[in-house]
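In what follows, a structure is listed as structure tokens, so that the remarks can point back to it.
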Amino acid sequence: MAKSATIITFLFAALVLFAAFEAPTMVEAQKLCEKPSGTWSGVCGNSNACKNQCINLEGAKHGSCNYVFPAHKCICYVPC
């Protein structure tokens, strides 16, 4: 019993050391530019609906309702 506990402890320690030295992969962030939605009409009050419309209809990466004088508008975020 003591031998199996020692083996399990050793394997756990080896796993922790391996995970600690594993280098995370860095990916260069893609810059996004703001663009007013071309398909949204009216005041934007639902950021989730705006996001879905930007992604599905305009091919954007993201979308949200932002205040642009004089009202909230749906803004899509596209690669620059």
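Placed from the backbone N, Cα and C atoms, the Cβ positions cover glycine too.
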Pick out which of CYS74, CYS76 Swiss-Prot lists as the disulfide partner of CYS50.
CYS74
Candidates CYS54, CYS65, CYS80; Swiss-Prot says the disulfide mate of CYS76 is CYS54
Rounded to the nearest angstrom, how far is the Cα of CYS33 (disulfide bond) from the Cα of CYS74 (disulfide bond)?
14
Top Cα neighbour of CYS80 (disulfide bond) in the set of recorded positions GLN30, CYS50, CYS54:
GLN30
